[in-house]
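Report on one structure; see the data block that follows.
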Amino acid sequence: MKDSVIQKAAKGLSILFVMKIFSRVIDFVLNILVIQEVEPTIYGLTIHYMILTNIVLFYTKMCLKNSYQKRGQKANQSEIVQSAKNMMIFGIGFTIFIGIICGAVWYYWYNNLNEHFTQGLACYILACIIESMCEPLLSKFVLNFNYSVGAKSEAIAVFTKTLFLFFLTKVNIFHTLVNFGLSQIFYASMMLLCCLFFGGYQSLIPSKVEGKDYYITPEMLDMGYQFTVVSVIKLISQELEKIVLINVKKDDVKLQSEYLLVSNIGSLVPRYVYAPIEEINFNLFAKLSQKSNKHKSEKEDDNKDEKQSLVENKNVAKSKQENEVSKTQETQIEEKKQLHSEQLDQARDILSKVVKIVNIIGCLAIFFGIPYAKAFLTFLYGSLWNYPACVLALQAYCVYEWVMGINGITEAFVQGTIEKSELQTYRNAIYSSTFFYIISCYFLVEYGSAGIILSCILSMVSRISVSFFYIYRKIFNSQMSQLSQFVIASLPNKIFFIGCVLSLFVGYYTTQILFPHKPLLQLLIGGGNAGVLLLYLLKVQGREFRQLFGKEN
């Protein structure tokens, strides 16, 4: 059964990768063409819409979705599926409420930025409401690790949205801000239609759980309450730098445009590689944790039964048959202890392999992204965006990309396996981390985009420390030797790492001395070096990666 769950997760991860790469590569190319048509000052204003969208959808997509993936131990599968769907249906109401509040706040504070700002704002809020309607339709597929419906729907929606935005930009009927808003409505509508088409029609009217007098199981509802605070803190951690930027540097539209451009480029890997890995691993770790906790609970019940049985045996003649029953009970308890241990070993093995993948991606981002950052900006956007501050910001984002990946996967493990009794301690640690982030972001914003990204790196490092402390206690039983073995196992191949370091020097020699004014040639050389290293890595560790993705038993 557990192998089946992991195989489903691996298959879902493969589907998400393929569909995201297909849709996002085309989306990225078309977005470059759109940005070239848009004034930097106008493009900078869209950061408001990005923040608004994330805030309005956070409760549905982050809090409630994480809550139902925790499943619980007492309900059966059909009750969990119905309860999850109801929870996400009620989430639509929360989205409408949050959208109205955020719309009013943004209208009051930022309406004077542009005469068309409010029209785009209204479009984005409507798009958020439509997009939230997709979540109830996808909940049963997510619980069964069937990500094909959501992946196909998102791929089509993203692709057609960018085409629509490119068309609106070219025909120039509406203002640019309105074009962005209309394209977002188009995306949400296409997403909803595709979910209905691929997933089949489902009613968006909640119904009580079969045989019960409630809509949401008590365990799932309680996890929703518990995850609310954690989700708010996580939202602040994700959006704080943008909120500080649009308020502290409200009049510096160029800085806003610069940060938005760099974050859009730098977050390509986090959005399209890390995000599906984190989502599926959170679901997988939650499922493994559910099984492990069930076995743990059964083990405790059996211990109680055994003690009661031993007391009764003292008051009754000790027959041979009773002794055999006692031995059988002891054997069953030992088997459940072993199964619980196997679940933890399995989670540790999966976590180690995924962290290794993130470390490999991080090496590529740092050792190839830093020397070729200017060439990348020049080739894609021309001389308008390759000034030193923008280049420095993109180089800083290359480091942030690696740290972000480590934080994402470790938090996915923690939040997927954490128990109710441990949540308060975890929340307190996250509070401290967030407070540190707020202080550092406020002061470092004075150093421009690079300063903002540095504050993000410091915040992520503090959150990684919190997650690793939990992991250290959870699956390593506070044994430093086991943690050291885990860290060593998650490091990239030595020859691959040495090759990356050498490529850093090759990159600087190529860009600064050999071909300083030929960005395309610089990128081809850098891409060739990276390709050779990846081919070597696949040759020496291909079997390990195929096993992780379910391609080989």
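Note: Cβ is positioned from N, Cα and C throughout, glycine not excepted.
Lifted from TrEMBL, the feature list:
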TRANSMEM  12-35  transmembrane segment
TRANSMEM  41-60  transmembrane segment
TRANSMEM  87-109  transmembrane segment
TRANSMEM  121-143  transmembrane segment
TRANSMEM  155-173  transmembrane segment
TRANSMEM  185-204  transmembrane segment
REGION    294-334  region 'Disordered'
COMPBIAS  295-309  compositional bias 'Basic and acidic residues'
COMPBIAS  319-334  compositional bias 'Basic and acidic residues'
TRANSMEM  354-373  transmembrane segment
TRANSMEM  385-404  transmembrane segment
TRANSMEM  425-445  transmembrane segment
TRANSMEM  451-471  transmembrane segment
TRANSMEM  483-508  transmembrane segment
TRANSMEM  520-538  transmembrane segment
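The stretches the transmembrane segment (354-373) and the transmembrane segment (155-173) are not in mutual contact, being linked by fewer than three Cβ pairs under 8 Å (pairs 6 or more apart in sequence). Counting Cβ pairs closer than 8 Å and at least 6 residues apart in sequence, the transmembrane segment (185-204) and the transmembrane segment (121-143) reach three or more and so form a contact. By the Cβ criterion (under 8 Å, sequence separation of 6 or more), the transmembrane segment (121-143) is in contact with the transmembrane segment (41-60), since 3+ such pairs are found. Using a cut-off of 8 Å between Cβ atoms, the transmembrane segment (425-445) and the transmembrane segment (155-173) share fewer than three residue pairs, counting only pairs 6 or more apart in sequence. If you count C-beta pairs under 8 angstroms between the transmembrane segment (483-508) and each of 41-60, 87-109, 520-538, the highest count goes to 520-538.
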